[in-house]
Structures are given as structure tokens and as C-alpha cells.
Amino acid sequence: MKCFAQIVVLLLVIAFSHGAVITGACDRDVQCGSGTCCAASAWSRNIRFCVPLGNSGEECHPASHKVPYDGKRLSSLCPCKSGLTCSKSGAKFQCS
């Protein structure tokens, strides 16, 4: 029961944080609206959500740059918004 409560709290924190705007369940990018991609959940690759494309300074995945992507996206991060590139910044990749 304690583990369940911790998971619920964690999900609530993530859902209300700036970096995890969840807009709806999906299977592929074409099911999401403009400016979003169908990203895999950080907890389970079988669960995907429509997530906004990355803004300047936000974390990104360098191999995940095509929208819409034809297959099932494996990354939990969306590509950067149009006009931005995903480049290495320190130990992470960020949209710039």
C-alpha cells in the first residue's frame, strides 16, 4: 500500500510539473495534435502520451527528430519545435 501511495504521489508531481504535460493517450504521432508527438512513458514503453514538442532549453533526444514518426516512438522525449535543434549541452541534449 505504501508503494502504491508513493506511485500516485509521483504521478501527480510529474503530471503537474512543467516537463510532463500529458495531453492524451496515443499509439503514433499522427494521433496527436499539431505541436505534439506520441512519446513513450518513462515507466513503460508500451504506454504513450501526446506530449508537446521541445522548447528552447528543454531536454531532447538526438535521434528523435522526425515528426510525424512512422513507427512507435521509443523515447519519452519529443523532438524540438520547428527552428530548434537538439544539441549536446554539458551532459544532456537540449533544444536550442
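Any Cβ shown, glycine's included, is placed from N, Cα and C.
Values in this document were obtained by computation on a predicted structure and should not be read as measured data.
Swiss-Prot lists 1-19 with the feature signal peptide.
In the three-state DSSP classification, Cys26 (disulfide bond) falls within coil. According to Swiss-Prot, the feature disulfide bond maps to Cys26-Cys38 (among others), an assignment based on similarity to another entry.
Per Swiss-Prot, disulfide bond is recorded for Cys32-Cys50 (among others), and the stated evidence type is similarity to another entry. Within 10 Å of the C-beta of Cys32 (disulfide bond) we count 25 further C-beta atoms, all protein chains included.
According to Swiss-Prot, the feature disulfide bond maps to Cys37-Cys78 (among others). Here the Cβ of Cys78 (disulfide bond) has 27 other Cβ atoms within 10 Å, regardless of which shown protein chain they belong to.
Counting every protein chain shown, the Cβ of Cys60 (disulfide bond) has 26 other Cβ atoms within 10 Å. For Cys60-Cys86 (among others), the entry in Swiss-Prot reads disulfide bond, with the evidence type similarity to another entry.
The annotation disulfide bond is assigned in Swiss-Prot to Cys80-Cys95 (among others) on the grounds of similarity to another entry. Other Cβ atoms within 10 Å of the Cβ of Cys95 (disulfide bond), summed over all protein chains shown, number 22.
Across the fold, the C-alpha of Cys26 (disulfide bond) and the C-alpha of Cys32 (disulfide bond) stand 7 Å from each other.
With a 10 A radius on its CB, Cys38 (disulfide bond) counts 23 other CB atoms from all the protein chains.
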